[in-house]
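> Let me begin by handing over the structure; questions about it come next.
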């Protein structure tokens, strides 16, 4: 089996016991299986939930708190307990772990996004196993975000993973809720996530988790768009993750391999960047960009909206108002208003620029 880069996401329901604490038995089972992946020569990253579930009983809550301050306090206590438990278990296999706590803003800010990429790359090069969680104690997103499902998809794209394994307490995707319908049909393989499939998923999560099947399907769709195939399911024992790679996992495989990888810069533009303005373009420029993969030139620009700087991300729309994509602009809004509609030779005569693309195709994402 060739060396692969694998992201494994383990949800709260797969970690916590019935009283809300960390189940040592379940955690040990997961760690043993992750260690087997490493033993097989694969690079492994772990996205783990469970900080709130691990911490609420230590603070005296009889059950998972429902207030934001209660959840965040529980997460602050639980994250250290969770990491300590992982570190002790992985040490038995001689595996060095590293903790990364991320928030949505770490993805939306280009410099922090690049730093996360560089840090993860160095950790993997050093054979460490990164353990990643949302920074629950200061971030609201995780508490309504889907139990780290989307975080796992975004990280898998960031590191160009070969596969994302989302482990939960349900053995895959069904056309109906299998707990309520005996005739529910299981999907063993889905080539893509269609609107029909997405509509079948419910929002309800498990008792100790926040992410239902809908969040997992949304995460799978995002991962596929970033070139990462997905497995959603469950399992026990040391071989469960290796079995997934062999096609023997107890769940649903999503996506045909190999997927087309999206470069890091385009991932940031597509999924994380903040749009600072809009550019309207004519029909000729639309055809050149969409059908022929060309860069956007000033000659095709008909209107500029907003106030943006060089390097900011802008939306691009047709004269009919349809948004076709977005990208990093090489001109400020003020500069672009002065040269919109001008041919490159006329801009050259002004002597102001040596590169004349408004948005280079390497910094463009179609929507």
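Each position is counted from 1, following the chain as shown.
Keep in mind that glycine also has a Cβ here, set from the backbone N, Cα and C atoms.
Reproduced below are the annotations present in Swiss-Prot:
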- 9, 168, 169, 210, 211, 212, 213, 214, 215, 216: ATP binding site (BINDING)
- 49, 136, 148: substrate binding site (BINDING)
- 276-350: domain 'PUA' (DOMAIN)
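I would like each feature placed in context: is it buried or exposed, what are its neighbours, and how far apart are things?
Less than 8 angstroms from the CB of residue 9 (ATP binding site) sit 46, 47, 48, 49, 148, 149, 151, 152, 164, 165, 166, 167, each of them six or more residues away in the same chain.
Applying DSSP to the domain 'PUA' (276-350) sorts its residues as follows: 25 helix, 25 strand, 25 coil.
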> Please tell me which one of the binding-site residues listed here (169, 213, 215) sits closest to residue 136 (substrate binding site), measuring Cα to Cα?
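Of the binding-site residues 169, 213, 215, 215 has its Cα closest to that of residue 136 (substrate binding site).
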> Please work out the number of neighbouring Cβ atoms within 10 Å of the Cβ of residue 148 (substrate binding site), leaving out its own Cβ.
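The answer is 31 other Cβ atoms.
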> What three-state secondary structure does DSSP assign to residue 49 (substrate binding site)?
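Residue 49 (substrate binding site) sits in coil per DSSP, no helix or strand.
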> Between the binding-site residues 136, 169, where is the Cβ count within 10 Å the lowest?
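Minimum Cβ neighbour count within 10 Å, taken over the binding-site residues 136, 169, occurs at 169.
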> Around residue 213 (ATP binding site), how many other C-beta atoms are within 10 angstroms of its C-beta?
21
> Could you tell me which three-state DSSP class residue 148 (substrate binding site) falls into?
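In the DSSP reduction, residue 148 (substrate binding site) maps to coil.
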> Counting every protein chain present, what is the number of Cβ atoms, excluding its own, within 10 Å of the Cβ of residue 215 (ATP binding site)?
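Residue 215 (ATP binding site): 23 neighbouring Cβ atoms within 10 Å.
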